[in-house]
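Participant: Pasting a structure below so you can have a look.
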Amino acid sequence: MSVLLFILIFGGICCFLLAFGIGMNNAANSISTAVGSKAISVKKALILGSFFEVFGAVLIGSFVAKTISKGIIDPNDFIGKNKQFSLGMLSSLLGSTLWLFLATYWALPVSTTHSIVGGILGFAMYVYGPKVVNTKSLINIVLSWVISPVSGFIVSWAMYTLVKKTILNKKTNEQSFKAAKLWTPIHFGFTISTMILFFLESSSKSFNFKFAIWIMVLIFFLSWILAWFICYKWILKIYLRKALKPKEFDIDVDEMRKQIGVFDSFEIIDLNLEEYQDHGFIKDERAAEEFKFIIEPEKLTEIPVDDKNWKILTEDEFITEFSESIPDNKSEIKLEEFELQELKTDEDQNTDQNKDQTETNFDDDYEELNLMKQIENKTKQQIKEGKDPNEPVISPYKVEIEKLGGTVPLFMLLQVITAMFVAFGHGGNDTALATAPFGSIYSVYTSGDVTKAQVSFWVLAVGGFALALGLLIFGHRVLITVGEKITLLTPTGGYISQLSTALTTVVCSLLGMPISITHILIGAVLGYGVSLYGWSTGINGKMIFKIVVSWLVTLPISAITAIMIFSILRPLCGNFIED
């Protein structure tokens, strides 16, 4: 077996695993907000998302792959050194794969773009020093990492601010509903026309033809007008006939005061806890999707100590369970003096009986952001502003349902459309990241020329399949990361976040910029959250901090890992594998 054939086979395996890991970790983010705001079920989101990931990989992936293969380093510096170049690309693939799987195991939100670019830079600078790096392309790539979240933030903030002013901030629900009927078809038309525009643009680059700018502008506005008319004339009327009635989220205030005596009404969102009932959540006779959090104090002392759902608590403790993101053994929370404290489980108590029962011991991956945290922040804000702290905290989700009325399902439909659009852009960008180094290896093996690196159609197709497979098998585990841990999403908020992400993702993909879909979406979700809640309320600062740290460490870690792998493989390939 020749050295190049060994590198080709091993590189193909690493390419498949890397694409699988991208689907497992990053691809779920593209559909997370649609699931988080309950616009679509997890099963449907995974199936549709997988299809559009593959579609995007095949259609627009090759253009981004060229930037990864040739834009970061200058292949001319490796002329006559095919084995070294191929081995370096293999080291980049293997290093990125190891880091992505390790980071996923640690639940770190890393960027595959940073990882691949870091790996390529690492081995290239190790062999030839900084001179081999394409400085201009590297600067553009670094700028794109800043531009991605910032542009997502700005677009999302501006669009949601517009939604608030034109629809949500009307004096009465009737006025908001009337405005929603006017503006929803406009949003529908804009979404459809934007998707058509970028689809045509991406197709033109893939099939070597290009529309004139005036034709693209004409198509955009004609499709916008046509989609608006169809929505206004027929689609909106269909949805209004199936007007969504607000679900009951209120807790009986009188009954609550009788049982607890200290807290007022908290109105909460539908958390769809049916599948979580066996994991420490309250079971009751009402609809499984509806959340209940009142426990009669007199019944607390009757609960067996070995009961997995509860443990004996004193009567003055107000018990609540609030989020599907809380792990099985950390699901009991109390609100006391406006501070959230975790109640130790029986297992924890047996391990350390000397510690106080209410000692705070949050798992970092499950802390801070949830409805009760928003209630806590809102209560503090009310006290600071001199308002009654017992004034009920209203869920933004419920507010939108009441204001938008029968147009809510239409906004959810738009969110599903934009989520698939994001999946399309993600497939084109991230599949290219996984396949670009292998494409370089394959080109060297078949043509012997390091300057003619091309990513074949079948390579993109296999990479897209691996990405979709990772999404289908493990994607459900990370859906809530962006959808719930940054801020609380509403139907319009999820739609605006996805649309902003789609615009930025596809534009950057068509420009050949290796962007991070996760960073764009995080910026968009944060932009919506700031527009709705402000910086101090409803934003999970600790999660944002973790993400920023992951941006900073991924590139150097990937570079160092690739250098180590290259240093190990180079003597092995030179001495022990027959050429």
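Cβ atoms are placed via backbone N, Cα and C, with glycine included.
Straight out of TrEMBL:
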TRANSMEM  46-65  transmembrane segment
TRANSMEM  85-108  transmembrane segment
TRANSMEM  138-162  transmembrane segment
TRANSMEM  182-200  transmembrane segment
TRANSMEM  212-235  transmembrane segment
REGION    342-361  region 'Disordered'
COMPBIAS  342-358  compositional bias 'Basic and acidic residues'
TRANSMEM  404-424  transmembrane segment
TRANSMEM  455-474  transmembrane segment
TRANSMEM  486-507  transmembrane segment
TRANSMEM  513-535  transmembrane segment
TRANSMEM  547-569  transmembrane segment
Participant: Could you tell me whether the transmembrane segment (486-507) and the transmembrane segment (547-569) have 3+ CB pairs under 8 A, leaving out pairs under 6 positions apart?
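Facilitator: As far as Cβ distances go (cut-off 8 Å, pairs 6 or more apart), the transmembrane segment (547-569) and the transmembrane segment (486-507) do not touch.
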Participant: Does the transmembrane segment (182-200) reach the transmembrane segment (212-235) with at least 3 CB pairs under 8 A, where each pair is 6 or more residues apart?
Facilitator: yes
Participant: Mind checking which residues of the chain, 6+ beyond the ends of the transmembrane segment (455-474), have their Cβ under 8 Å from one of its Cβ atoms?
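Facilitator: Result: 15-17, 19-25, 27-28, 46-47, 49-51, 53-58, 61-62, 65-66, 69, 427, 430-432, 434-436, 438-439, 442.
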Participant: Apart from its near flanks, which chain residues at least 6 from the ends of the transmembrane segment (486-507) lie with a Cβ under 8 angstroms of it?
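Facilitator: Counting only partners 6 or more residues beyond its ends, the transmembrane segment (486-507) has Cβ contacts under 8 Å with 30, 33-34, 36-37, 39, 60, 148, 151-152, 155-156, 159-160, 163, 167-168, 187, 191, 194-195, 198, 201-202, 269, 369, 371, 374, 395-397, 399-401, 404, 408, 411-412, 414-415, 418-419, 421-422, 424-426, 428-429, 515, 517, 520-522, 524-529, 532-533, 538-540, 543-544.
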Participant: For the transmembrane segment (138-162), which partner among 46-65, 212-235, 404-424, 513-535 gives the most CB pairs under 8 Å?
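Facilitator: When the Cβ pairs under 8 Å are tallied, 513-535 comes out ahead.
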Participant: For the transmembrane segment (85-108), find every same-chain residue at least 6 residues outside the stretch whose CB is under 8 Å from a CB in it, and list them.
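Facilitator: Answer is 3-4, 7-8, 10-11, 14-15, 17-18, 21-22, 24-25, 75, 78, 115-116, 118-120, 122-124, 127, 365, 434, 437-438, 440-441, 444-445, 450, 546, 550, 554, 557-558, 561-566, 569-570, 573.
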Participant: Which bits of the chain, at least 6 residues beyond where the transmembrane segment (513-535) starts or stops, bring a Cβ under 8 A of a Cβ in it?
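Facilitator: Distant Cβ neighbours of the transmembrane segment (513-535) are 26, 29-30, 32-33, 64, 67-68, 109, 111-114, 116-117, 140-141, 144-145, 147-158, 160-161, 164, 374, 396, 422, 425-426, 429-430, 432-433, 482, 486-490, 493, 496-498, 500-501, 504-505, 544, 547, 551.
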